[in-house]
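Heads up: the structure comes next, in structure tokens.
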Amino acid sequence: MADFNDVLNGVCKALTIIFARGTTESGNVGESVGPFFISAIQNELGAANVAAQGVSAPAYAADIPGFLQGGSPTGSVEMAQLVAQTVTQCPQTQIVLSGYSQGGQLVHNAAAMLTAKQIGAISSAVIFGDPDNGTAVANVPASKTLVVCHPTDNICQHGDLILPAHLDYEMDVPNAAKFVANAATIASTK
């Protein structure tokens with residue numbers, strides 16, 4: 001189980017990842033994609049440059065009813081509030097909005113709630129196994145957005161079957177981390 005709470009702890013670094021885990025995952029960034037993605041970005045840019053924050057319970061329970069509602073409404077608000085808090089307490093940071101599975105729904109929902117100033121702080125949006133695949137992330141330019149969906153992932157086809165293709169996004173983490181590093185305008189310290 002992994003929990004990342006840099007935003008809640010007032011940590012400011014050049015890049016801040018706000019990550020929403022998939023349905024039924026434990027910790028506030030889950031265990032299948034989130035911790036590996038955060039670590040890979042830290043490896044790309046240097047850990048001294050990268051803060052991370054998960055979207056936590058009770059606001060985001062990462063449960064099946066939330067998925068069926070198009071992403072937990074309270075979790076979506078919490079993700080947007082974490083962006084707002086990050087922009088206020090760390091005005092120079094660049095933000096990565098990211099999520100896996102239902103967490104991707106939260107990215108879509110939260111992005112639609114952000115102000116122009118908050119959107120201006122987003123350096124990239126990355127979604128793994130996106131239930132809203134094919135729908136743009138509101139307000140975030142396509143050039144700053146990466147959606148990773150495997151061809152046989154039923155969740156990415158707007159279904160509700162969890163097949164093996166939905167459970168192996170860890171393999172896509174290195175390329176996604178490179179995308180984040182390229183989208184960010186900070187120098188690596190690794």
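Sequential numbering from 1, following the chain as shown.
Here the Cβ of each residue, glycine as well, is placed from N, Cα and C on the backbone.
What TrEMBL says about a protein is an automatic prediction, not a curated fact.
Here is what TrEMBL says about this protein:
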type: DISULFID; residues: C12-C90; note: disulfide bond
type: ACT_SITE; residues: S101; note: active site, nucleophile
type: DISULFID; residues: C149-C156; note: disulfide bond
type: ACT_SITE; residues: D153; note: active site
type: ACT_SITE; residues: H166; note: active site, proton donor/acceptor
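Here the features listed in TrEMBL are painted onto the structure.
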residue: C12; record: disulfide bond; DSSP (3 states): coil
residue: C90; record: disulfide bond; DSSP (3 states): coil
residue: S101; record: active site, nucleophile; DSSP (3 states): coil
residue: C149; record: disulfide bond; DSSP (3 states): coil
residue: C156; record: disulfide bond; DSSP (3 states): helix
residue: H166; record: active site, proton donor/acceptor; DSSP (3 states): helix
Of C149, C156 (the disulfide-bonded residues), the residue whose Cβ has the fewest other Cβ atoms within 10 Å: C149
Residue with minimal Cβ packing [other Cβ atoms within 10 Å] among the disulfide-bonded residues C12, C90: C12
Those residues of the chain, 6+ apart, with a Cβ under 8 Å from that of D153 (active site): G129, L163, A165, H166
C149 (disulfide bond) to the residue listed as 'active site, nucleophile' - Cα separation in whole Å: 10
C12, C90, S101 filtered to the recorded positions whose C-alpha is within 10 Å of C156 (disulfide bond): S101
Cα separation, S101 (active site, nucleophile) to C12 (disulfide bond) (Å, whole number): 27
Inter-residue Cα distance where the pair is S101 (active site, nucleophile) and C90 (disulfide bond), in Å: 28
Least surrounded among the active-site residues, given as S101, H166, when other CB atoms within 10 Å are counted: H166
